[in-house]
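What Swiss-Prot records for this protein:
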ACT_SITE  273  active site
ACT_SITE  465  active site
ACT_SITE  527  active site
DISULFID  186-426  disulfide bond
DISULFID  320-334  disulfide bond
DISULFID  344-367  disulfide bond
DISULFID  351-360  disulfide bond
DISULFID  389-396  disulfide bond
CARBOHYD  217  N-linked glycosylation site
CARBOHYD  516  N-linked glycosylation site
SIGNAL    1-17  signal peptide
């Protein structure tokens, strides 16, 4: 979860007592409902003031109360994101074209001899473009095969950019991983160049080889989503998570159709921050299609926002010295945060019950102002409790500015086929639109029990992060209702040690696991674990995709 607006995210943190949680027992029904929403998800927020007039008295009173507390936040509600300037490249620029309509029209003989589609899903609106990227032209992982391109939905004018890096090791057998950054509204190319990709960008705006890249033993796809993030673009807007699920299913289906040499390998989805929203939806969408060419084996969520009702109860403990690091706030501020917690949790609970923007938006604004503000006003880095925010214009990290400058260069955009006129690491408008559509506190954690029935789920958390801290991630994973809840919650944290290199035996964190569910605490990692602890990050990643814990 990137904090993109000090106005929206100023507040208090919360108490150590575990909050109550309503979990929908019929998680399969919930998953089906979420997936069905995808058809209506590509609709920007419109006519907010007109709709406000039709609210019930109680809902209107809540909005007016929050508006009085935080007028600048509420004034942002009617605004929409502007389309990105772009120039579509001619078909001759691309090496490969895949038509979703043609893929959907492939029929095969079923088990009983009847004709059936080779793959499920509505793909007719989608097309995939791809080109070979010359590694030597960019100086990024020379000798490693790379593809980049766009998933196009021309009906809705959506164009999602991706960049694929083949495994450095054994690409014919190594797994494939989709990586997603959060925000909402932040480019996954920041994850590529700041965290786990084959290169970082130095202060001279030059690529530097990354020995700890996750493509050491896996092929990795970095996807800029939702639309109007990074190199992706659209003439419209998007304001919630469910649309992404169908887009990602289409992207993967068409990509593996064009490049079948990767389709039989194990496939995993990994991401951080607001990807704690994205990943349960995307994985549920994939698993809902019985006939698919996507060999989904697991998901990994790092320092994610997944269950706000539980997680917001752990801002006060983390800020006040109970997360393993010295307190950032004084005793009186910690007490005021305790005092705000019950109101915040009751508002989130109401959002969980209704999932209405008119309930969820006030909850988001109140809780973000009440739960995050005291910490944020100290100037401390919300992504790393150990230091100050060094560059407010780049979300506290100078390196993000280097990445933006590099990816904005015309030569780089030409090399990867980017069609936008520039590059921004994060789109503040998308962040605001998601919040004002009520997506922030939607209970997407209710999809996780359905995932656990079919695939392993890893929740990992760097223990120096504040914004999506390890205390809250541990708490929600233990509170989740699923058949193995009791055994998982009661399991003790055990030492996580390096086993694969010269530092064998070094403690890098703690782990607990039962059935298909695993939680990891990574020592010394902030919001971006692979950046802060590259050795530890690659260690647990390699062992996870190798199947050690499932």
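Keep in mind that glycine also has a Cβ here, set from the backbone N, Cα and C atoms.
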DSSP three-state assignment (helix, strand or coil) for residue 186 (disulfide bond): strand
Based on Cα distances to residue 334 (disulfide bond), point out the closest of the active-site residues 273, 465, 527. 465
How many Å lie between the Cα of residue 527 (active site) and the Cα of residue 389 (disulfide bond)? 13
Compute the C-alpha separation of residue 273 (active site) from residue 320 (disulfide bond), stating it in Å without decimals. 22
What whole-number Å value do you get for the CA-CA distance of residue 360 (disulfide bond) and residue 389 (disulfide bond)? 29
Specify the count of other C-beta atoms within 10 Å of the C-beta of residue 334 (disulfide bond). 22
Quick one: of the recorded positions 217, 320, 351, 396, which has its CA closest to the CA of residue 516 (N-linked glycosylation site)? 217
Measure from the CA atom of residue 389 (disulfide bond) to the CA atom of residue 465 (active site) and give the result in Å, rounded to a whole number. 13
DSSP secondary structure for residue 273 (active site), reduced to helix/strand/coil, please. strand
If you measure from the Cα of residue 367 (disulfide bond), which of the recorded positions 186, 217, 320, 389, 426 is the nearest? 320
According to DSSP, which of helix, strand or coil covers residue 367 (disulfide bond)? helix
Just give me the nearest neighbour of residue 396 (disulfide bond) among the recorded positions 186, 217, 351, Cα to Cα. 186
Test of understanding: give the count of other CB atoms lying within 10 angstroms of the CB of residue 360 (disulfide bond). 26
